[in-house]
């Protein structure tokens with residue numbers, strides 16, 4: 001994947017302002033609320049019975065932070081995203097059996113969360129760069145699937 005200097009700048013400038021805990025928790029909560037079938041991968045997380053329960057669930061918050069922290073590794077390694085996510089791809093494929101389509105859904109939700117948090121700073125050009133990034137990350141995570 002080729003990244004232009006402008007794309008890299010747009011991605012890193014937003015990433016530098018992201019509150020990983022808040023945005024990660026919000027993104028994962030939105031995934032579980034908007035696409036309820038994804039909840040089956042989080043049965044051990046406890047109460048996921050309503051939007052309020054999901055948004056307040058400490059396990060959702062903690063895992064959301066973990067997910068977005070990993071996403072930060074992509075931002076730091078834009079030229080080697082496949083390598084960066086090789087182990088996570090194997091884990092999600094072979095051990096957790098996560099539907100790889102869910103990576104695309106979460107990526108799209110992350111773009112929505114960033115747009116909501118950054119408003120006019122999240123320009124269409126910025127959105128395009130982030131949309132490209134979430135697609136590349138989703139593809140890297142789905143790589144170990146057969």
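If you go along the chain as it appears here, the first residue is 1 and each next one adds 1.
Keep in mind that glycine also has a Cβ here, set from the backbone N, Cα and C atoms.
Here is what Swiss-Prot says about this protein:
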{"type": "DOMAIN", "residues": "2-146", "note": "domain 'Globin'"}
{"type": "BINDING", "residues": "63, 92", "note": "heme b binding site"}
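Helix first, then strand, then coil: DSSP counts for the domain 'Globin' (2-146) stand at 117 helix, 0 strand, 28 coil. Residues near residue 63 (heme b binding site) in space but far in sequence (CB under 8 A, at least 6 apart, same chain), listed by position: 28, 42, 45.
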